[in-house]
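Below: one structure, written as structure tokens.
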Amino acid sequence: MGGASAGQVERRLTPCSVLVVGSSNTDYVLAGIARLPQLGETVLVQGPKVSFQVTPGGKSANASISSSRYFSGRNDGTVCLIASVGKDENGRNALQNYEREGVFAALSKQSGEEASGVALILVTHSGENAILVAPGANSILTPDDFQDHAADGQGNVRLEELRTASVVLMQLEIPMDTVRWVADALFTPPLPALGPLLLLNLAPLGADVTEAMLEALFAHSPIIIVNELECKQLMKTLLASNPEEVSVALNQAEQGEWRGCQTRVMERAPSLRALIVTLGAAGACALHRFGARVASESSALTETSTSRMTLEWLHEPAELLPDFGPVVDTTGAGDCFCGVLAAALAEELAKRCQQTARPMKSSPTTGVVDLDAKEFGRAFRFATAAATLSVTRKGAQQSFPKREEVERFIRQLQKRPAAPSVPVQSAASPFGYTALH
């Protein structure tokens, strides 16, 4: 496992479908409480619904598990995780858990400098949660760990893994310098034939993340995933130079006009491939940019090339069915969504490559592979269904469904009478819209 010399790591025969770079934690979960405490308040919790568990977690680790379960029982996808854990019991347990789940984590870093990361999670009996994270060893996963002078001798092997992945997913529970370095390394020639496709879950997103940091990441045409609070912070950061626009955007968010919010962000960041907002009980919505691209001489897309593309807005509700139970625990639902989306997109890329019997077409200057509306839509809907199903079970990783469970859930949803279509009016925008529900 992690920490061995490069020569001791068993190499896989094929590049991984999904590579997750980020955090690995241990979750300490107190669930079934009546309400969350206020600041300065001590609350005695007791009763038959109250439980305490210690479970594996971390946003990136969770996502890798949900990706692996998407590919469960199939030979057409592999999932890898590069994280950092301490040389302690929590770290050892985490690495063993990845092995059990079929996640290749042999290149994860083990260090005696810091304890493994931990998360303290409170969950009410209605399923709402509050989370505190102590990053520990996650904070020392650095760009050096991907280079040939890495202290554990694994740098070049990690970089090779990174450069050959089809889809790379990252969150912000590791240093921002590392996230930026990995994103840059992905698009340094020579590029792999299949991909790369970059997914960024901007979580947690605080005020310390600057506009310049985001612009550096957005230049690589990622798919961005945020929740409602993170979307508001994203707008505050990107639109900070225009306080009036920030006020209007936040008002749109309060009114649930997420398409308008997404439009503002996509216009401000023309190189983004898609912006997804997860909406809890309301499901998720996405604004996806696709169509003919004009390659520019720079790494970022130009206004001209972007304006020739199409924007498609999708909203997928989080519909529950009696046979699958009510909402029990929302912990990890967003991570489940991210991991399944990454795996489903990797599968879509592989399918198209097989159908055309040639490598995916990507821009020679940006390295960006274009996903069409059907490919993106299938992956988006499957990820939403998987996350919806996960909230009917307790915990994070233990709640993540396998592929066949999600497929059964979707089949049951499709048997229900179709809901009436709701027309979506286009906001003032230079782009054309296709609205799908």
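From the backbone N, Cα and C atoms, a Cβ is placed for every residue, glycine too.
Annotated substrate-binding residues in TrEMBL are ASN25, THR26, ASP27, GLY58, LYS59, SER60, ALA61, ASN62, ASP335, and among GLU173, GLU228, GLU230 the one listed with them is GLU173. Same-site candidate for ATP binding, as annotated by TrEMBL with THR278, LEU279, GLY280, ALA281, ALA282, GLY283, GLY334, ASP335, chosen from ASN156, ASN227, ASN242: ASN227. The binding-site residues under consideration are LEU279, ALA281. Their Cβ neighbour counts within 10 Å are lowest for ALA281.
Model confidence over the domain 'Carbohydrate kinase PfkB' (19-256) stands at 92, taken as the mean pLDDT rounded to a whole number. Residue with the densest Cβ environment among the binding-site residues LYS59, ARG393: LYS59, by other Cβ atoms within 10 Å. The Cβ of ASN25 (substrate binding site) has PRO56, GLY57, GLY58, ALA61, SER116, GLY117, VAL118, ALA119, VAL133, GLY136, ASN138, GLU173 as same-chain neighbours under 8 Å, each 6 or more residues away in sequence. Looking only at Cα atoms, THR331 (K(+) binding site) sits nearest to ASP27 among the binding-site residues ASP27, ASN227, LEU279, ALA281. Geometry remark: LEU279 (ATP binding site) versus SER390 (K(+) binding site), CA distance 15 Å.
SER399 (K(+) binding site) counts 22 other C-beta atoms within 10 Å of its own C-beta, drawing on all protein chains shown.
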